[in-house]
Amino acid sequence: MEKICVLGAGSWGSALAILLSKKGYPVSLYMRNKDQYESMTKTRENIKYLPGVIMPNNIEMTTDLKEAVDEAKIIVLGVASQGVRGLLKSIKDYVKDDQIIVNVAKGFEKGTNLRISEVVKQEIPNNHYVILSGPSHAEEVSKDMPTTVAVACEDMNIAEYVQDTFTNPKFRVYTNPDVIGVELGGALKNIIAFGAGICDGLGYGDNTKAALMTRGIREIGRLGMAMGASSSTFSGLSGIGDLIVTCTSMHSRNRRAGILIGKGKSLDETLDEIKMVVEGILTTEAAYKLSKEYNVDMPITNEIYKVLYGDNEVKESVINLMLRSKTHEMEEVAMDEN
Ligand SMILES: NC(=O)c1ccc[n+]([C@@H]2O[C@H](COP(=O)([O-])OP(=O)(O)OC[C@H]3O[C@@H](n4cnc5c(N)ncnc54)[C@H](O)[C@@H]3O)[C@@H](O)[C@H]2O)c1
Ligand SMILES: O=P(O)(O)OC[C@H](O)CO
């Protein structure tokens, strides 16, 4: 079986390395932190990010990027969105054109507001790019709990190759040609999950969350369509599927961060407590700017932006959303789709 390289040994990179190694692939797992390397090679456990799960022996851990990438058929980008460009710059000199890049990060690049596929195209333009996304908490995947995701690639043969590589009886992979839609669904749901957490923190109930999720997927789809995605992708795994899991699961860092903000903690206190990447914070800023650029109405994103980057109180934002001008549900759908 051909070697697979996973770059980044946080929660998701580690869970995917475990999944692939259990299928029998020789996996090379790159981490930049030497202390983490010492600890993981000794204990075969990722104590910080995925405690309690043993890493199989066919995962070779390394802090050497070249060694990790060499001879791998697939290179999985398993770091947070803000780490992707730096990582690509470090590997571009020895990546070969026939190596497939599979990105699993869900976000945009800060400053440029580029999707990860656009960043990859700028740094490593000759390789096939695949986005793997969907409702998939690392904590559950690493314990073999049934999970479904989508993989999107412009070349469906490559999407099917990646589908075959990752599929196992507990991890079902669907293909989709809509790279933009799959990327946007995974990134933008984090804003809504953060909002769902705020509502939980405020002590609101299930009605509120259902409202946020339903209205959230509408504004995600609205921006998505304006950016060239297919509307049907947002009713799939990388759209509504991932929105549901992140808005409802206690595994979600975005939701947990929202809960703390809803309870009155500052952003710094919140990030200190979560200790892992909360993509929704920077994604809110990117989506806010993209909504202006594409002239798309995103009321929930706007309010969360004002909470995070302005001086809105969370309760004030809820009032703003509830008292917006009246809307006809179906006329709005028709308008979005035109
Ligand atoms: N955790 C999940 O369940 C899950 C599921 C699907 C997708 N994702 C996405 O995967 C991405 C990574 O998330 P995570 O949960 O693994 O984050 P995490 O906070 O658990 O870990 C991030 C890891 O990336 C490492 N890292 C960051 N920049 C790096 C660099 N330049 N080189 C090497 N390592 C670097 C950090 O040291 C850390 O180990 C995010 O975009 C997230 O949205 C996460
Ligand atoms: O923990 P979160 O909020 O980053 O969500 C993780 C995954 O995106 C769930 O599919």
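Backbone N, Cα and C define each Cβ position, glycine as well.
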Listed co-binder of NADPH (same site as SER11, TRP12, ARG32, TYR49, LYS106, ARG253, VAL277, GLU279, source TrEMBL) among ALA138, ALA211, ALA226, ALA229: ALA138
Per TrEMBL, member of LYS48, LYS66, LYS189, LYS306 binding sn-glycerol 3-phosphate alongside LYS106, GLY134, SER136, ASP242, SER252, ARG253, ASN254: LYS189
10 Å Cα neighbourhood of ASN254 (sn-glycerol 3-phosphate binding site): matching binding-site residues from SER11, ARG32, LYS106, GLU279: GLU279
SER252 (sn-glycerol 3-phosphate binding site) versus SER11 (NADPH binding site) - Cα distance in angstrom: 12
Spatial neighbours of ASP242 (sn-glycerol 3-phosphate binding site) among the binding-site residues ARG32, LYS106, ARG253, GLU279 [C-alpha, 10 Å]: none
Entry from the binding-site residues list LYS106, GLY134, SER136 having the most other CB atoms no farther than 10 A: LYS106
Between SER252 (sn-glycerol 3-phosphate binding site) and ARG32 (NADPH binding site), the C-alpha gap once rounded to whole angstrom: 24
CB within-chain contacts under 8 A for ARG32 (NADPH binding site), separation at least 6: THR63
